[in-house]
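**Q** Here it is, the structure, as structure tokens.
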Amino acid sequence: MEKARPQWGHPLQFVFACISYAVGLGNVWRFPYLCQMYGGGSFLVPYIIMLIVEGMPLLYLELAVGQRMRQGSIGAWRTISPYLSGVGVASVVVSFFLSMYYNVINAWGFWYLFHSFQDPLPWSVCPLNSNHTGYDEECEKASSTQYFWYRKTLNISPSIQENGGVQWEPALCLTLAWLMVYLCILRGTESTGKMEQLANPKAWINAATQIFFSLGLGFGSLIAFASYNEPSNNCQKHAIIVSIINSSTSIFASIVTFSIYGFKATFNYENCLNKVILLLTNSFDLEDGFLTVSNLEEVKNYLASTYPNKYSEVFPHIRNCSLESELDTAVQGTGLAFIVYTEAIKNMEVSQLWSVLYFFMLLMLGIGSMLGNTAAILTPLTDSKVISSYLPKEAISGLVCLINCAVGMVFTMEAGNYWFDIFNDYAATLSLLLIVLVETIAVCYVYGLKRFESDLRAMTGRTLSWYWKVMWAFVSPLLIVGLFIFYLSDYILTGTLQYQAWDATQGQLVTKDYPPHALAVIGLLVASSTMCIPLVALGTFIRNRLKRGGSAPVA
């Protein structure tokens, strides 16, 4: 069976596949946000420490398991112990949840890419109102980039309780995104600041979480990729390479992001000052050019003391322009990718070119990660003798993509973005922590660390160093337990879960409580994957007991 299993044409293909999977949108829109929130450059201290004690060891562990067992996640953990099949099942369920909503980001990327060829860019100006007497009121209260995102792209409803219908333009883009993923799958395996923040425990927790999710641990994708390796492949070296490249990409993305933040903040600050100057010039009939940025504060004080009554009427309309507050605005996720970046791009020279390049980059990152996610689902399915005996790999791949695309249409409805946030926030966090915790315990204490070390020596001819053994057996499991407790307590202490809803009348986001049916979906998302591990173990135990009972001799 091992000889019939497909293999990578070259070890570099495996490395590039892992890099493509690990380096995703989180490197671009999550890591820079954490740097800004937790002291800028000082955040690199906990980040690098967590990379050493958590990221690289767990990445190496998953690659080694896949290469040793030469099966997908379900088969690999069943080989270690039949009671651990649920670990693989949980990985497949989480990967299925991720695939359902993650490809929607690629659909949005296609939407923006197609609109990037227009001149001017459609998010650079507000549209006229129905009477053509001024700009659209919602756009004026928000901004042109926010209006294009919330109204033209999402056509978002006021709350999650108002679902609306499926919108055909995002639906077509989602279909195109899944078609791209399917075509790539068919190619097969052969081708595919502030230093005091260091004392803040949340900085360390977020650094650990970023490492954890950025490398894609627990989804089963890395095990699936490694299962196609030659047994003698040096997966230790590849784990280190992928970890370093992934982290380096995050740091590089932060440099680019902060330059965009700076450009946007400076532009908004200067634009704010110009509006104040125009307002005061018109209100007090000042000579054009008399009021400048350099003498603005001095003239404001003079006007306030000389014309107190008139100034008090104008004062509520004078904006407080602050470069520091503009720079302190921290945004992550879709808000960074589709609002902040586009606001900076629209003000650049040859904005269409930069827009095309930017959204093409987002698509490459997103599709690369999607191929890893779908591999985590497809490899266990194609490894199954029962399924593969009835359906060829192409049909299995097509069905998986079709089901994901059909379910993903939920995210193209008017309330789709709210459901997207639910899946993004709750579908994987606790589940992955539990999965990887069980993985480390299974390798070190069920299969046996000495036995696993002997297997690796036989495969690669290399002795396992003390560093990997200490991390696997003690440090990484304790760290995961700490993260698990933090997230569990955070969910409990938060109380009623809330979400950000778009208020068109105000042109801004408002906070609302999740309704009961949304809370029920959140509970199902968390339970459906985490409960796979104990339920499958219980089912295996009952089945074994029944077999023993059925085969017991009759007295």
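Cβ coordinates are placed from backbone N, Cα and C, and glycine is handled just like the others.
Bear in mind that TrEMBL entries carry predicted annotations, made automatically and left uncurated.
What TrEMBL shows for this protein is this:
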- ALA22, VAL23, ASN27, SER214, ASN246, LEU365, SER369: Na(+) binding site (BINDING)
- 12-31: transmembrane segment (TRANSMEM)
- 43-61: transmembrane segment (TRANSMEM)
- 82-102: transmembrane segment (TRANSMEM)
- 203-228: transmembrane segment (TRANSMEM)
- 240-261: transmembrane segment (TRANSMEM)
- 356-378: transmembrane segment (TRANSMEM)
- 426-449: transmembrane segment (TRANSMEM)
- 470-489: transmembrane segment (TRANSMEM)
- 518-542: transmembrane segment (TRANSMEM)
**Q** If you count CB neighbours within 10 Å, which one among the binding-site residues SER214, ASN246 has the smallest count?
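**A** Across SER214, ASN246, these binding-site residues, the one with fewest Cβ atoms within 10 Å is SER214.
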**Q** When you look at the transmembrane segment (12-31) alongside the transmembrane segment (426-449), do they share 3+ Cβ pairs under 8 Å, ignoring any pair fewer than 6 residues apart in sequence?
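**A** When sequence-distant Cβ pairs are counted, the transmembrane segment (12-31) does not touch the transmembrane segment (426-449), since fewer than 3 lie under 8 Å.
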**Q** Excluding near sequence neighbours, so keeping only residues 6 or more apart in the same chain, what lies with its CB under 8 A of SER369 (Na(+) binding site)?
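**A** Listed in sequence order, they are SER20, TYR21, GLY24, LEU25, TYR102, GLY216.
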**Q** Determine, for the Na(+) site, the additional residues of the same chain whose CB lies within 8 Å of the mean position of the CB atoms of ALA22, VAL23, ASN27, SER214, ASN246, LEU365, SER369; present them in sequence order.
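**A** Near the Na(+) site, the remaining chain residues are ILE19, TYR21, GLY24, LEU25, GLY26, LEU215, GLY216, THR249, SER250, GLY368.
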**Q** Between the transmembrane segment (82-102) and the stretches 12-31, 240-261, 356-378, 470-489, work out which stretch tops the count of Cβ pairs under 8 Å.
**A** 356-378
**Q** What is the number of other Cβ atoms found within 10 Å of the Cβ of ALA22 (Na(+) binding site)?
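**A** Excluding its own Cβ, the number within 10 Å is 26.
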**Q** Could you check if the transmembrane segment (240-261) is in contact with the transmembrane segment (12-31), meaning 3+ Cβ pairs under 8 Å among residue pairs at least 6 apart in sequence?
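**A** Stretch pair touches.
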**Q** So which residues does the transmembrane segment (43-61) touch in its own chain, when a touch means Cβ under 8 Å and the partner is 6 or more beyond its ends?
**A** 34-35, 193, 197-198, 203-204, 207-208, 210-212, 214-215, 217, 222, 235-236, 239-240, 242-243, 247, 251, 436, 439-440, 443, 467-468, 471-472, 475-476, 479-480
**Q** Six or more residues beyond either end and a Cβ under 8 Å away: which residues meet both conditions relative to the transmembrane segment (356-378)?
**A** 17-18, 20-25, 27-28, 72-73, 91-92, 95-96, 98-99, 102-103, 105-106, 109-110, 112-113, 116-117, 177, 180-181, 184-185, 192, 216, 219-225, 337, 341, 345, 393, 396-397, 400-401
**Q** Across all the protein chains here, work out how many other Cβ atoms are within 10 Å of the Cβ of VAL23 (Na(+) binding site).
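**A** Here the count is 25.
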